[in-house]
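**Q** Let me give you the structure first, and then I'll get to my questions.
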Amino acid sequence: MHPKRSSQGDGSVTKPVRTSDRLRRRPKLHGRSYLYYSSPNMLHNRKRNTKTRTAASQIAKMLHKGNRPARASNAAPIASDLRRSTRKRRISVNLEDYTDSSGAEDEDMMSPAYRTLRRRVHKNFSTSKSRKDMDAELAPRREGLRPRRSTTIANKRLKTESGADQDTSEEKDGQDETENGNELDDADDGENEVEAEDEGNGEDEGDGEDEGEEDGDDDEEGDEEQEGRKRYDLRNRAEVRRMPTGEINKQQQPRSPRRVLHQGMGTRVGRDGRRGGSRPHKRHRFTRTDDSDDSLLVDELDQGPAIPWARGGNRSGAPWLFGGLDTYGSSSLGLNVGASGWGHQSDGLAALTSGVQTAGPSSKGGADIQPLQINEDINFDDIGGLSEYINDLKEMVFFPLLYPEFFASYSITPPRGVLLCGPPGTGKTLIARALACAASKAGQKVSFYMRKGADVLSKWVGEAERQLKLLFEEAQRNQPSIIFFDEIDGLAPVRSSKQEQIHNSIVSTLLALMDGLDSRGQVVLIGATNRVDAIDGALRRPGRFDREFNFSLPGCEARAEILDIHTRKWKHPPTRELKEELAATCVGYCGADLKALCTEAAIRAFREKYPQVYTSDDKYAIDVGLVNVEKSHFVEAMSAITPAAHRGSVVQSRPLSPVVLPCLHRHLLESMSLISDIFPSSATSSELTKLSILTFGSAIPLVYRPRLLLLGGEGVGLDHLGPAILHELEKFPIHSLGLPSLLSDPGAKTPEEALVHIFSEARRTTPSILYIPMFNNWWENAHEQLRAVFLTLLEELPSNLPILLLATSYGELSDMEEQSVFDNRSVYTVDKPSSEDRSLFFDRLIEAALSVISGLNGKPDGPQPLPELPKVPKEPTGPKPAEVKAKVEAEQHALRRLRMCLRDVCNRILYDKRFSAFHFPVTDEDAPNYRSIIQIPMDTATLLQRVDTGQYLTCTPFLQDVDLIVRNAKAYNGDDYAGARIVSRAYELRDVVHGMLSQMDPALLTYCDKIAAEGGPSLIPDDLSGSILGLAPVVQMGTVTRTSARLRNVQPEVNLDRDYEGLKKPKKTTDAVSIDSAADKSQNQDSGQEMPSPDAANPQSAAPSPTDGDREDQSEPPSKEASAEDMSGDSCKGPAAKSDKEISSRTESVKGVFMERTDNYSIPQMERLYTRIMKGVLETLDKGLRDDDNNPKHSILRFLSEFAQHQANF
């Protein structure tokens, strides 16, 4: 039966020759140019070996858990579990008849790879000899291959137990074999190469497995493929529709026209085709399994549409109906689909995916590595109070560019990194922007890159590190450059076990980029943070951040400078005295707070000047120059603003209030004198510091444990004096050690931990101040451990370390228990106010009481009616020139897109030979009687001409002309058999045109219908055809009287200058009257100065005019009244002088009574007395205003005298 088989006989086993895939392919029956060798019994063997199928019921019975056979051996699975590259290849022909006697090394290729299950089991289980042959043929062809699970042994076990039902399944198996053969024919018909396939897939699979990139995820039984290659969700993004085995057509079918249209007449399927059925399925490029993640991030869709009429072009789009017209004609003109009006269904994927990244950044990884465009209006002159830091930044950026020879001569590298730390609003970001702007103006362009906090963070693993690397590489290419990391604590936090691993990786990458093996070049790094303790400590060393600038809150002089910067562009800036007073008052204000203060004060001044704008929606004609910002506006603004430093913590420093200033000013001066002696850092000059330096880096100690205790009894004003001293020393960092501060520290769990943290921070920011309010209570209530920690930390401080310990304590010096901390020389005793202090206090009190009158005199008695302001004439309600031009451009663009689509349709029809009868007009030679039958001829060329001339505003007239072609064909050809073909082509033409126009963008069609409904496209007027910017002067000149009169050809016969002055003068006086009616006395004087000078030069010409109104009565007597006042001035001096003497005498008497009553008064009692007296003064003035009191000073003095006479008030 099989005389050539090597597994039979008694002789030595001869192994077959390794055959190639070309010989193992089954012969094709449609004319392939291959030479196949076959034996006479080839077809007979194939027909006989078909009835080997096991019934499904028997297979289910054998698969039952109790009926499963034991594993036969371990060698077989290992031998059969091979990688895909060495799997047994299924062969569709029987090559058993080919032998070779050259050697026995390739025995595995002798037995046919495509054989029914029954023959395989019979062969492998007949004898032990054949079992050895089976082990040999399953051995790998080379060593080191990874085993794979196979289903061959399971099939053998199933067949061993299926002998009872073999006869019942032979018929069905024959049918299946025939069907599988058909599928193999179809699969081989579409591919010229034999694909590697696992032997255990069985005969039911009609297509082989791909070599590595095609249809690994499209197999119906892909268990082996799943084992061989891991499956990634990111790589297999596209959804693959899997067809059940039962739905696959089991019979050989001829190629349909649709299949020919999709893939052509050839038999080869491209690498984007998917096999497994009767036709290949086109797969999008994004669904290939060989695309890696990186390629998906940066690659774009490269499947461009082809020219529609090119016969050899790639028709990747869907066909136009059945006419062979595709949808990509728009691209042939160099336009994309979005620019034309097409909106085909198959364009959705290309339009959405072309140029769009699927899972990440762009070609640069999504990193915003372009240099930042800096506002050139910002410079160092706009920054106040940071002059020393500005010079340090210039050393880092400008000097290496301007003076490189200095650094080269000393072989040093200039500092390349600086860390800006400080409270919010102190100018960290502003100084970086000013530096970038100034660097660009220095002569050589400096690139500026800015990153804010966690901008570089990404959800993709490793993307943040990649963006940092790209940023540094780009900065090195464009050096000199500056990289500014704003809020760097969010990018490089402290690395710890509690922190996320992603931050640790980012910090490590940043550290390596800042100071790694590669030189950074001329790249300056600037980091800004208000949480310097939150960033990683490895950043804060030379080589990375070489310098640290601590931006503290601005001092008094710095605040005055900042106020001057923000108000120097005002028309009426505040006086120097006012700015110094505001700077002294705004304690704890940062630069941003001072800017907000100026803004709020200006808005309040505008609200006071023009309150009418808040009650009307109309725009008034206002004069901005009349708005003047005064001190009261700043005071109101300060009450509405909470400084940023006051929100997070309590500010300990504040100046002395005007109430207690007379009583404590003497103690403040004496305390500051003591501090200047024990803490010379507050007054030490740079020259003195240079003289104190000795050899070997040592210096003369100028400080020895600076400590000061303010000691006094109850009511001496220590709660005012301590903060006032801190206010004078506000340029130094102040750290509070009070019990509330220790207990409220969010970063400490115990007071001892908070105390240690404050001491370490004070040592880091020397010179600094440690402040302990109410030290006696602190020492009494602190437990022993806290005291021990406090004393230990004090002793650990070096004796010459400039850290001032300032404390306040109530009690006597003899009773003080904390002598171990403060010695007698470090104690300053504060006593109660003396008689001189109280005398000065009451002088200020009476002065303040009398000054209230001057503030009330300028205010009206009640609410006054607001004057009406002239309204600005409303602009024409018509569209603006820019809107008209934009509308015209939009309409022209829409009509252009419509013409492109219609022109494309006409060109497609002209290139289609099926409609050649309708391409051009019918000539008389072709049909002499055509003109007599058809009154309105129509053809494709005429349609194209009308499209080019813009006669179609919508698709409706175009379709009407296409319908006219159909009607003309029916009318001329009639119902005869000869013309029926032409009429049918006309109907086909109309259907094709309708089909193509249905693919257009619906929004475009709707917009074109709107244009047609409005009467056609809008036209640009002649005056708008030029530049729109030139229209404004023309409109303004059109409002002038002389210009309009000249345009109307009016001959002016009068003197234009005189007439213009006559018309202009009443208008100005009328406006002045309307404005002056609501202005105060000082503003009336200002408006009076703006009157025309001719009236002032000629007093006689100041005759009453109808426009003067209420001023008519005051126009004649001013000279007489002025002369009368001048004559009576000397006589009035006598009574006025007597009145002033009487007031001063009464004031001294009231003051003497107050001095007697307030003997031995404390500071709180003086404050309470001040408050009661000022409240009574205000009530007295209010009562005097209601009673029409003509002399409020006497009323105030009478109240003060009565108040001092009553003993109960003291």
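Cβ atoms here come from the backbone N, Cα and C positions, even for glycine.
The following feature annotations were taken from Swiss-Prot:
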- 1-11: compositional bias 'Polar residues' (COMPBIAS)
- 1-32: region 'Disordered' (REGION)
- 63-291: region 'Disordered' (REGION)
- 97-109: compositional bias 'Acidic residues' (COMPBIAS)
- 130-146: compositional bias 'Basic and acidic residues' (COMPBIAS)
- 167-226: compositional bias 'Acidic residues' (COMPBIAS)
- 227-244: compositional bias 'Basic and acidic residues' (COMPBIAS)
- 276-286: compositional bias 'Basic residues' (COMPBIAS)
- Gly422, Pro423, Pro424, Gly425, Thr426, Gly427, Lys428, Thr429: ATP binding site (BINDING)
- 856-883: region 'Disordered' (REGION)
- 897-1000: domain 'Bromo' (DOMAIN)
- 1057-1070: compositional bias 'Basic and acidic residues' (COMPBIAS)
- 1057-1151: region 'Disordered' (REGION)
- 1080-1090: compositional bias 'Polar residues' (COMPBIAS)
- 1108-1123: compositional bias 'Basic and acidic residues' (COMPBIAS)
- 1138-1151: compositional bias 'Basic and acidic residues' (COMPBIAS)
**Q** For the binding-site residues listed here, Thr426, Thr429, which shows the highest count of neighbouring CB atoms within 10 A?
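**A** Checking each of Thr426, Thr429, the winner is Thr426.
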**Q** Quick test of the contact rule: Cβ under 8 Å, at least six residues beyond the ends. What residues does that give for the compositional bias 'Basic and acidic residues' (1138-1151)?
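**A** Residues packing against the compositional bias 'Basic and acidic residues' (1138-1151) from afar: 839, 842-843, 846, 1193-1194, 1197, 1200-1201, 1204.
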**Q** Taking every protein chain in this structure into account, which of the binding-site residues Gly422, Pro423, Pro424, Gly425, Gly427 has the most other Cβ atoms within 10 Å of its Cβ?
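**A** It comes out as Gly427.
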**Q** Report the same-chain neighbours of Lys428 (ATP binding site): residues 6+ apart in sequence with Cβ closer than 8 Å to its Cβ, ordered by sequence.
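**A** Counting only residues 6 or more apart in sequence, the Cβ neighbours of Lys428 (ATP binding site) under 8 Å are Leu420, Cys421, Gly422, Asp486, Ala528, Asn530, Phe551.
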**Q** For the recorded ATP site, enumerate neighbouring residues of the same chain (Cβ within 8 Å of the Cβ centroid of Gly422, Pro423, Pro424, Gly425, Thr426, Gly427, Lys428, Thr429, site residues themselves excluded), in sequence order.
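**A** Apart from Gly422, Pro423, Pro424, Gly425, Thr426, Gly427, Lys428, Thr429, the close residues are Leu420, Ala528, Asn530, Phe551, Cys590, Gly591, Ala592.
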**Q** Does DSSP put Lys428 (ATP binding site) in a helix, in a strand, or in coil?
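**A** Once the DSSP labels are grouped into three classes, Lys428 (ATP binding site) ends up as helix.
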**Q** Going by DSSP, is Gly422 (ATP binding site) sitting in a helix, a strand, or coil?
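**A** DSSP call for Gly422 (ATP binding site): coil, neither helix nor strand.
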**Q** On the 0 to 100 pLDDT scale, where does the domain 'Bromo' (897-1000) sit on average?
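**A** Summarising the domain 'Bromo' (897-1000) by its mean pLDDT gives 91.
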**Q** If you run through the domain 'Bromo' (897-1000) with DSSP, how many residues end up as helix, strand and coil?
**A** 74 helix, 1 strand, 29 coil
